[in-house]
């Protein structure tokens with residue numbers, strides 16, 4: 001495969017005004033993508049965004065680029081990433097575009113694409129777009145320019161889609177739920193979804209100002225929702241990230257429920273209903289406790305590289321339907337084509353209603369193992385992963401842990417860091433062993 005210059009594993013992302021995230025690039029990207037997408041299909045593209053102040057700028061630039069290439073543009077305004085994927089399918093658009101940096105701070109932004117079926121763009125199309133980016137921008141003749149319009153009912157369409165994932169014969173009546181929207185794209189969606197299903201909703205993180213997205217709130221900062229759940233004596237809390245593709249939850253007692261625990265709930269619910277097709281895909285960072293608990297239930301488990309793109313690839317390869325990351329990206333291919341925080345929350349609530357159990361009860365048999373992560377900075381060209389002393393230390397630690405523990409070493413993709421992760425049943429033992437490996441890494445650099 002050719003080397004990518006712009007696209008990463010999840011589109012293009014960076015600090016606004018620096019890196020690659022400039023209005024100039026967005027304009028050219030819209031034109032280049034338009035040139036590729038206009039070769040076939042409906043010549044129609046959808047653009048959605050989160051609530052970052054820079055979204056206006058990038059939306060206008062992309063809009064101009066697509067129009068100059070002859071594509072018609074449908075604008076959604078602030079909408080969750082999974083909503084763009086869904087509406088791209090229902091509008092029969094050639095592609096969907098999301099302007100978001102997901103869980104990052106407001107001063108970052110990004111651009112990612114969905115294909116006409118709501119999945120991530122194929123590598124071949126991304127490479128074709130990159131090839132067009134190298135060419136000079138040539139505007140289409142006036143009679144072939146694209147038009148721009150707005151989808152006025154995008155919010156209502158997506159709310160109804162989300163509600164459709166909950167059993168029609170059930171309601172959430174009697175449940176008090178705190179919903180934290182991270183001042184992001186779900187601020188006008190998620191509270192309405194759960195209210196219309198019958199829950200009493202206490203909404204926080206629903207006052208975006210362009211600069212407070214993910215700021216001490218949402219799925220990456222659980223303190224605010226935990227405090228609110230305890231303050232109002234809610235039955236549970238649902239925290240989403242800035243673009244709505246991640247979910248974390250909080251029990252009535254204030255315990256944090258992460259993506260691994262949500263996967264466990266969804267897998268057991270699907271198994272009990274005879275709907276589990278195969279097993280569950282997690283990542284290299286998935287807790288060993290999840291793997292062992294699923295094994296006890298006779299459910300196969302497979303690990304992919306970190307990143308929802310790789311989870312999706314392995315799901316398709318194995319023909320399975322449920323997968324995700326401990327960070328809260330949850331994929332259920334029977335209910336969508338991408339990670340959807342609101343829908344994942346609805347599926348957990350449906351499992352609660354069917355079982356008659358509370359959130360804490362649903363994970364009672366899942367024993368999460370302590371994980372210790374140590375970041376070791378290294379300099380120079382040496383790869384500490386190849387050092388004999390490091391390899392020997394890892395082997396020694398793995399022997400001590402046996403089948404009830406795990407070691408993972410991986411290099412950061414953005415910094416000169418080696419991440420040492422050790423997990424096992426005892427926190428003190430795991431900490432000691434992680435530090436021992438970290439010391440071996442330091443000595444080898």
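Cβ atoms here come from the backbone N, Cα and C positions, even for glycine.
Swiss-Prot names 241, 243, 245 for binding Mg(2+). Of 102, 115, 119, 412, the residue it gives for the same site is 102. Annotation for residue 243 (Mg(2+) binding site): spatial neighbours 50, 80, 81, 98, 100, 102, 103, 184, 185, criterion Cβ-Cβ under 8 Å with sequence separation of six or more. Counting every protein chain shown, the number of other Cβ atoms lying within 10 Å of the Cβ of residue 102 (active site, phosphoserine intermediate) is 28. Cβ proximity to the Mg(2+) site centre (mean Cβ of 102, 241, 243, 245, cutoff 8 Å) flags the following additional same-chain residues: 50, 80, 81, 100, 103, 184, 185, 240, 242, 244, 246, 339, 341. Between the candidate binding-site residues, 241, 245, the densest Cβ environment within 10 Å is the one around 241.
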